[in-house]
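Take a look at the structure set out below.
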Amino acid sequence: MRTLVVDHPLVAHKLTVLRDKNTPSPVFRQLTEELVTLLAYEATREVRTEPVTIQTPVSTTVGTAFTKPTPLVVPILRAGLGMLEGMTKLVPTAEVGFLGMARDEETLDIITYAERLPDDLTGRQVFVLDPMLATGGTLREAIKFLFKRGASDVTCICLLAAPEGLAKLEEELGEANVHIVLASIDEKLNEKSYIVPGLGDAGDRLYGIAG
């Protein structure tokens, strides 16, 4: 497993505004989209390409195109949906799948309550979108789910991570071909497993509290 924290003034600035508790939901959504596009630029550096011959208005030349099958983008519901537009703006030809995961309140296990993915992910580069890597449980189960479908190259784009969650993920995934791309690794998890200083509940701040 590899981890990259994107060091860029625009990333730092947009993340600072996201953290501010006074930032309203419409601004939060817009900044999330912009921040994900910046992170995705780095996350796609190793996307698979092949040479293609094209005709310009002047002459024939050799350019670059994605190999087939094209990348698959998988937001984890619901907060990951707020990251999707920022990713597909950069990679509009990518296919999109979905994973819905939640913690069972009785067993505390992560359960998959919804999925819309190809049955066979062999040979696909998969980009998972999940804003907060706190304990790492949800992301771990999402990656395992994708591996069971045949994926072998998974990149996860997150806004924030806690050191504890990253360590747990690395312990369980080991040498698996997983790349984590982040805007920041924060200080710690608190007693409620919230990232500190964090930015609060990303889903609530993106969409408001439904209940």
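Here, residue 1 is simply the first one shown, and the rest follow in order.
Just so it is clear, glycine is given a Cβ too, placed from its N, Cα and C backbone atoms.
As given in Swiss-Prot:
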BINDING   ARG78, ARG103, ASP130, PRO131, MET132, LEU133, ALA134, THR135, GLY136, GLY137, THR138, ASP201  5-phospho-alpha-D-ribose 1-diphosphate binding site
BINDING   ILE195, GLY200, ASP201, ALA202  uracil binding site
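Positions of the features from Swiss-Prot, shown on the structure.
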residue	record	Cβ contacts under 8 Å, 6 or more apart
ARG78	5-phospho-alpha-D-ribose 1-diphosphate binding site	GLY100, GLY203, TYR207
ASP130	5-phospho-alpha-D-ribose 1-diphosphate binding site	PRO75, ILE76, ALA79, GLY80, MET83, THR138, LEU139, ALA142, CYS156, ILE157, CYS158
MET132	5-phospho-alpha-D-ribose 1-diphosphate binding site	ALA79, CYS158, LEU159, LEU160, ALA161, ILE195, GLY198, ALA202
ALA134	5-phospho-alpha-D-ribose 1-diphosphate binding site	ALA161, ALA162, GLY165, LEU189, SER193, TYR194, ILE195
GLY136	5-phospho-alpha-D-ribose 1-diphosphate binding site	GLU164, GLY165, LEU166, LYS168, LEU169
GLY200	uracil binding site	LYS21
ASP201	uracil binding site	none
Exercise. According to DSSP, which kind of secondary structure is ALA202 (uracil binding site) found in, if we only use helix, strand and coil?
Worked result: helix
Exercise. Given that the record lists ARG78, ARG103, ASP130, PRO131, MET132, LEU133, ALA134, THR135, GLY136, GLY137, THR138, ASP201 as binding 5-phospho-alpha-D-ribose 1-diphosphate, what is the largest C-alpha to C-alpha distance among them, in Å?
Worked result: 17
Exercise. What is the total of other Cβ atoms whose distance to the Cβ of ALA202 (uracil binding site) is within 10 Å?
Worked result: 24
